[in-house]
Amino acid sequence: MGARSLRGLLLLLPLLPPRGASAGSLQSPGLSECFQVNGADYRGHQNRTGPRGTGRPCLFWDQTQQHSYSSASDPQGRWGLGAHNFCRNPDGDVQPWCYVAESEEGIYWRYCDIPTCHMPGYLGCFVDSGAPPALSGPSGTSTKLTVQVCLRFCRMKGYQLAGVEAGYACFCGSESDLARARPAPATDCDQICFGHPGQLCGGDGRLGIYEVSVGSCQGNWTAPQGVLYSPDFPDEYGPDGNCSWTLRPPGAALELTFRLFELADPRDRLELRDAASGILLRTFDGARPPPPGPLRLRTSALLLRFRSDARGQGQGFALTYRGLQDAAEDRAPPKGSAQAPGAPPDGANVSCSPQPGTPEAAMGARVFSSVTAVALLLLLLLSLLRLRRRRSCLPAQGKGPPALGPSPGPGRGWAVWYRRPRGVALPRAPGDPPAEALAPSYRPLSASSQSSLRSLISAL
């Protein structure tokens, strides 16, 4: 198998289709399990080459080491290989496939016919017997045929449907043609487009039919849900593009989910505006892609405008949309889950301060009051400690602080005790016993020092 690569399309939402919608309709994207145009993103559980248990059984990917692709060649699981035998497309071929037990003819792999693996807008593979043709409108051939070349041709002719056949033929038709067309197995449309090795263009006597709105440059979408593609999708968009689309699904708000976004550079831009006022809501480009997950917008009508520069050329984008009856619908995250805040519109001022009256503001006030009270208490304790350390007198046990100065009584003297760097003087009458109530750390002055100090104090 050749390594034919095609940069991808999109994964789709699990939505139910409206009654009467086609399986691959742009208004019913929920039936698909893949959907890059070549099914490289298929992660379903079909393990036979045919649908509903038909076809040959697939081999387990962890038992195919003798071939080019096995679980050992995909340790990170990027291709979806592992200890299973489900159909996959690890080499970017035109559709999912699997290894099978080698036959006598030497065949050791086959494509998988997966009815649920198709891009929205692809309506399926149909029989074209030629009498009458499956699509009754104009037709043409091209050695450079791609899916979008045929879509553009039929869109210009004013038809709703386009069909590719045998790799080089294009047919146009209407919904009445589709009503009488006979479906064929998906694997019957296995011819590679002459103009693109990563796309399929029908088969021998088989038409691959698409809605012409796929990859259109303008349009007005009013269905409750659907899919919107960049210009020329699934081909790359071209330079100097200027396209716009309007989404008006029923409801008060819109939800968008980007399934693919690959723009060439920052000069290729997609703008989202309120259709009524023209106010810019979001802008995305090659350097600023949209956020992952659903994007909810409080507008009932959305204008999307895409511009590419003179050098712009890339895969483009694909998005699913749906209308919301209430702007707050589905906003609450599941219990126990976290939800990241939405990004503000470009140019919006963002404030990190809590608004007055909010729970965050009340909590902030309580925290501030608690911190202030603790700080004041610490200051008070420090002040008391400093005052205590500055006291120069040590009172005797059971007494108040002694006064320094001459004794009021006649004939009274002084007994001086000291502790570096401070001391205490106590009045003592002659013949009184020495003071012994002071702390052991205080020592009495020598007799000569006591006599000199008494003379000094008496002279005061």
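Positions of Cβ are set from backbone N, Cα and C atoms, glycine also.
The region 'Disordered' annotation in TrEMBL falls on one of the ranges 6-40, 76-110, 426-460, namely 426-460. When TrEMBL is consulted, the disulfide partner of Cys150, picked from Cys154, Cys170, turns out to be Cys170. When the CA atoms are compared, no disulfide-bonded residues among the candidates Cys58, Cys117, Cys150, Cys172 lie within 10 A of Cys189 (disulfide bond). Comparing Cβ neighbour counts within 10 Å across the disulfide-bonded residues Cys98, Cys170, Cys193, Cys243, the minimum falls on Cys243. Across the structure, Cys58 (disulfide bond) and Cys87 (disulfide bond) are spaced 7 Å apart at their Cα atoms. Close to Cys87 (disulfide bond) in the fold, though at least 6 residues off in sequence, lie Tyr42, Gly44, Gln46, Asn47, Thr49, Cys58, Pro96, Trp97, Cys98, Cys112, Ile114, each with a CB less than 8 Å from its CB. Confidence for the domain 'CUB' (217-324), expressed as mean pLDDT, is 92. Remark: Cys154 (disulfide bond) has Gly137, Pro138, Leu161, Ala162, Cys170, Cys172, Gly173, Val212 as non-local neighbours, by Cβ distance under 8 Å and separation of at least 6 in sequence.
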